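Below is one structure, written out as structure tokens; the observations come after it.
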Amino acid sequence: MTSNCRRPEHTAPPELFYNEVEAKKYSQNSRMIEIQTQMSERAVELLNLPEGQPCFLLDVGCGSGLSGDFLSEEGHYWVGIDISTAMLDVALDREVEGDLLVGDMGHGMPFRAGTFDGCISISALQWLCNADKRSHSPPKRLYTFFSTLYSSLSRGSRAIFQLYPENSEQLELITTQAMRAGFGGGMVVDYPNSSKAKKFFLCLFAGVTGSLPKGLGTETSDRAVSNQVQYSGQRCRFKGMKGKSAKKGRDWILEKKERRRRQGREVRADTKYTARQRKPHF
């Protein structure tokens, strides 16, 4: 984690950086759609939601609704909040299924206590570490966000934040304010030995503290190398999607089955009939 002068949060405040031009990329760029979908899937895995049960989730920094699309595909209901009206306009044009709200994370979450069964956030939390105005204090804004988020979550639920920390000091600032607000938990790092596939997930527990999940790719085996390739090299599956999430085709299903195997779950063996298209029955 080294400082980079080209980081988006060093360019402009989020409501200005994510303008109409930038927002369109999240509905037209297949690579962005692919990465956003994969990180959303991983965040939902870390939420550890009850299987087969629809949940009411909060998506902080929802942007154009790509992560919300995955939540809808999994059968969950969600509310998204974002500071960029241009990004939310794209989400409206894409007719996402969740409810959308304009808001600044640093001002706190305006929801009643115990509203949500969980929270995810993709690539948004690090923006709170910047002081874009004279009145902005990153520690205060982080504490305001985490304390109001804590109250809006049901006890025993989790909040998962995928983030791009600038350095170790920024990580310490974020985790310290989260713990001050009442959360337990810590950082989960996927593929820690890879420069491209490495991802940070802040896993927070509201009320009941559990054991932190293991990061992907932490075992030193050939499988970890193949996982890295799957994470960063599958562009062809997402061409021509124009803002829509990955369909449940054969590649998508095989990838999800492999993820479940890595979690230690029982998964049926792959055959030539896996993900076959069945004719409708009348």
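Each residue, glycine too, has its Cβ placed from N, Cα and C.
The compositional bias 'Basic and acidic residues' annotation in TrEMBL covers 248-257 (among others).
Within the chain, the compositional bias 'Basic and acidic residues' (264-273) has long-range Cβ neighbours (under 8 A, six or more residues past its boundaries) at 254, 257. Summarising the annotation, TrEMBL assigns compositional bias 'Basic and acidic residues' to 264-273 (among others).
Feature annotation from TrEMBL assigns domain 'Methyltransferase type 11' to 58-131.
TrEMBL lists 204-280 with the feature domain '18S rRNA (guanine(1575)-N(7))-methyltransferase Bud23 C-terminal'. Per-residue confidence over the domain '18S rRNA (guanine(1575)-N(7))-methyltransferase Bud23 C-terminal' (204-280) averages 64 (mean pLDDT, predicted model).
TrEMBL lists 240-282 with the feature region 'Disordered'.
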